[in-house]
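Please read the structure below before turning to the comments.
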Amino acid sequence: MKSSVCVLLKVLACILLPGGLNAQKESNDDIQHYTADDCQVTPVIHVLQYPGCVPKPIPSFACIGRCASYIQVSGSKIWQMERSCMCCQESGEREASVSLFCPKAKNGEKKFKKVSTKAPLECMCRPCTGIEDANVIPQELAAFADDGSLAGYFQKSQFKAAE
């Protein structure tokens, strides 16, 4: 179950946080936010495939987890938003060579094919790819009403938590 955790900044902002109640609260003078970083190297079974060869399951590793992200109104330019998008990614990788049995090899070709595979060495929360400004809808187009007060700039979320 995903839950939304809303916090009061100098202005109101809402952060979708998949960590729910397991999130840890951090704060400084200007902002309160929640982190739920849990990015780890996890053992998996990876099936290596190559045309004409028998698929071979091998033990491997993957980066699995979640990282804290947020969006908030800029402290210096209230008409702009500040974003921090963090993703669970590899930091270093290992490489291995594995032999696959290829029973359908043509005459003159080897029955075993050596293939290379990679796996993460370590995992950490790192910045995701950036959001292009062209994909951000201005507040005026997103139906935010300007009634002269700060409260008029914010509407209740249209999103419902998944159950």
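Numbers run from 1 along the shown chain.
Every residue gets a Cβ built from N, Cα and C, even glycine.
Among CYS14, CYS53, CYS63, the one Swiss-Prot lists as the disulfide partner of CYS123 is CYS63. Between CYS53 and the candidates CYS6, CYS14, CYS102, Swiss-Prot records a disulfide bond only with CYS102. Within the set CYS39, CYS85, CYS128, the cysteine that Swiss-Prot bonds to CYS88 via a disulfide is CYS39. The disulfide-bonded residues shown are CYS53, CYS88, CYS102, CYS123, CYS128; of these, the one with its CA atom nearest the CA of CYS67 (disulfide bond) is CYS88. Neighbour density at the Cβ, taken as the number of other Cβ atoms within 10 Å, is lowest among the disulfide-bonded residues CYS67, CYS88, CYS102 for CYS102. Checking each of the disulfide-bonded residues (CYS39, CYS53, CYS63, CYS88, CYS102) against CYS128 (disulfide bond), the C-alpha distance stays within 10 Å for CYS88.
Of the listed disulfide-bonded residues CYS53, CYS85, CYS125, the Cβ environment within 10 Å is emptiest of other Cβ atoms at CYS85. If you take the C-beta of CYS39 (disulfide bond) and look for same-chain residues 6 or more apart in sequence within under 8 angstroms, you find CYS63, ILE64, GLY65, ARG66, CYS67, CYS88, GLN89, CYS123, MET124, CYS125.
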